[in-house]
Amino acid sequence: MNGEEQYYAATQLYKDSCAFQRGPAPEFSAGPPACLYMGRQPPPPPPHPFPGALGALEQGSPPDISPYEVPPLADDPAVAHLHHHLPAQLALPHPPAGPFPEGAEPGVLEEPNRVQLPFPWMKSTKAHAWKGQWAGGAYAAEPEENKRTRTAYTRAQLLELEKEFLFNKYISRPRRVELAVMLNLTERHIKIWFQNRRMKWKKEEDKKRGGGTAVGGGGVAEPEQDCAVTSGEELLALPPPPPPGGAVPPAAPVAAREGRLPPGLSASPQPSSVAPRRPQEPR
């Protein structure tokens, strides 16, 4: 029966082997075993008789094996040696509170689900406000880099900047420093705002000049003539321009005024040396 007792004692020691592990080197004896520290589990109670396990063995044992009582494991010299060292190991102080335990690397104890958050000055901007409500923010590998947020100017700041731009299209550095202090902005913000405002102003000026050139290139539109002036009768009734000599030509005949000219005659005025021929009246 002594062999069976040693068998059950060895089985129990195998189950609780993590609690009885000791470091191989003597310099590690000052700290608790690695399994106790990493597992962070309370130490198991000292071994004692197991009536429950013994009853299970009695139920499952064949009829030819008679039940027996297992003596306390403390009577075994091997188990007594372990009991002698167990209280000393459990009474050891905890490891010193430091950034990392002895022999451990910094990357080993880092939490696996730790997420690298953006910088504090990026959290307060509106561009990153949606990240707090986004469900996939915890799975982001790294924050977005090389992205500047757009500066939101207030109405008071825009009013002062527009007033300054009305007087000076190009701002000097002393005035820029003064505006930066007065409007609670940086010099870079004011410089970039003036650059953008000048570009907008130049585009507006080019558009105005382009509209005026299009009107001037086509020429000034002539006033519309009256429909009566464009008729043939009024054109014939108008007196011809005076010749360069200054002599006044005779008046055009009435028939020419009324447009009743024969086919062979024209309504053009004759020179002053030749007398006009009168048309024959029909009989």
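The backbone N, Cα and C atoms fix where each Cβ goes, glycine too.
In Swiss-Prot this protein carries:
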REGION    13-73  region 'Transactivation domain'
REGION    34-72  region 'Disordered'
COMPBIAS  41-50  compositional bias 'Pro residues'
MOTIF     118-123  motif 'Antp-type hexapeptide'
DNA_BIND  146-205  DNA-binding region
MOD_RES   T151  phosphothreonine
MOTIF     197-203  motif 'Nuclear localization signal'
REGION    201-283  region 'Disordered'
COMPBIAS  238-252  compositional bias 'Pro residues'
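Helix, strand and coil content of the DNA-binding region (146-205), in residues and according to DSSP, is 43 helix, 0 strand, 17 coil.
Within the same chain, residues at least six positions away from the residue listed as 'phosphothreonine' with a Cβ under 8 Å of its Cβ are H189.
A mean pLDDT of 94 is what the model gives for the motif 'Nuclear localization signal' (197-203).
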